[in-house]
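Down below is the structure, laid out as structure tokens.
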Amino acid sequence: CCKVDKVRSRLVKVDGSVDHHMEMGKKLLAAGQLADALSHFHAAVDGDPKNYMAYYRRATVFLAMGKSKSALPDLSKVIELKPDFTSAQLQRGNLLLKQGRLDEAESDYKKVLKSNPSQKEEREAQNQLRKSDEIQRLLAQAHDSYNSRDCGTAAALLDAVIETCVWDVASREMRAECFIETGEMGKAISDLKATSKLKNDNTQAFYKLSTIYYTLGDHEMSLNEVRECLKLDPDHKQCYSHYKQVRKLNKQILSAEALIQEQRYEDAVNKYEAVMKTEPDVHHFTVLAKERICHSGGGKCVSGSEEKDKYRAISVCSEVLQTNPENVNTLKDRAEAYIQEERYEEAIRDYEAAAKHGENDRQIKEGLERAQRLLKQSKKRDYYKILGVKRSAQKKEIIRAYRKLAQQWHPDNFQDPEEKKQAEKKFIDIAQAKEVLTDPEMRTKFDHGEDPMDPESQQQHNFHGGFQGFQGFNPFGSGPFSFKFGFN
């Protein structure tokens, strides 16, 4: 911005006298064309460095642009060149007051009162002096309260101070410490962000912001703020040490989330366990890790994990819910884990609890309906139980179980008419179970509580006439019980 102003100043300076630039600057300022007005006042100052009015006009433009830091040196230069210029003295006093530089502000107001001011200027200077005295009193009380660790009172007093001294870095830093003490982290962040802009090279503000975000479990914002600190000072010991910790944790979490997206749930669980080891003391990261392990645990069941892990998802979900029983996502995840364990009544209870705290959540509605259908289905025919496999079973496991049972229950193995009749029925059930569970579309329907072989729920999968109608598959071949294995 400053470079652009200097370029404009040089371009404008080429043509026109100081008076011309002053006149053009005033017209442009009145028209609200601040950048062009500033260029002319730059040229006027360059053309006549002792023209106090050029500095004053330029300060006016800076203030209109919200650049009080740039306006302050110009006002000081005006007062140096023309000590009795009360408007400049009053404006500088007001800027110093906003910055919390109370003694300097009071000095300016007193000089205004001694320099034959207008009635308006005299009245304003007196009012501002009274205000500064009041702020001095409030600040003294705030410091006493802060030193006594009465942060609530100190913060309330500082509220009144900052209402006037809006650019007072010290007061905002103290109030931020009070907010941290009282657990009002959002307010602390707001004050510290302001101080990072008001004070040049404020590495401490960025460090504190990073640590606050870290304790809140926001690893990405923590990383952003600590990087800002290191941009200002690459050798800052606190920031560099904290940066290494946050970077490691952030990398682990992002990696774990990528693994979840890839449905590599077991790897994701391992990564989140590493997160808890990297940062065991920050509650938010522990809860986050357990929530995602809970979520991944349900996914692990779906993908077919080892038997030893089958209850893990439910256990971790329950730990999270002990801390926050109204955690809707965890209730949904535990419900899914219950479904994988065929504990449908418990799944229904979790979905119903989630529904109380997650209105208009379609996932809850669909999950609850599915759990209710599966509960009803479990009281009828269950293809997984027929084959003796888990819902997590892969196609190879299903075919292997089918082969074993088909050999065991083939009707040719039985001579007694009653036993043969029972074997035929059992064999049909086994064949149907294999047919449903090895067909992705039919298995998906069954997993959602619909029986593809039930005429009532799936007309298109009607089972016509004994054992010869489902999917065109006859388990006994052409002749009476001339069964041939056709495993595919």
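A Cβ is built for glycine as well, from the same backbone N, Cα and C atoms used for every other residue.
Where the annotation comes from TrEMBL, it is an automatic prediction and has not been curated.
Here is what TrEMBL says about this protein:
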- 334-361: coiled coil (COILED)
- 458-469: compositional bias 'Low complexity' (COMPBIAS)
- 382-450: domain 'J' (DOMAIN)
- 447-469: region 'Disordered' (REGION)
- 18-51: repeat 'TPR' (REPEAT)
- 52-85: repeat 'TPR' (REPEAT)
- 86-119: repeat 'TPR' (REPEAT)
- 203-236: repeat 'TPR' (REPEAT)
- 328-361: repeat 'TPR' (REPEAT)
Tertiary contacts of the repeat 'TPR' (328-361) (same chain, 6+ residues out, Cβ under 8 Å): 291, 294-295, 297-298, 301-302, 310-311, 313-314, 317-318, 320-321, 367-368, 370-372, 374-375, 378, 391-392
Overall pLDDT for the repeat 'TPR' (86-119), taken as the rounded mean: 95
Helix, strand and coil totals (DSSP H, G, I; E, B; other) for the repeat 'TPR' (18-51): 27 helix, 0 strand, 7 coil
Intrachain neighbours beyond the repeat 'TPR' (52-85), with Cβ under 8 angstroms and 6 or more residues off its ends: 18, 21-22, 25-26, 29, 34, 37-38, 41-42, 44-45, 91-92, 95-96, 98, 115-116, 167
Helix-strand-coil residue split for the domain 'J' (382-450), DSSP-based: 52 helix, 0 strand, 17 coil
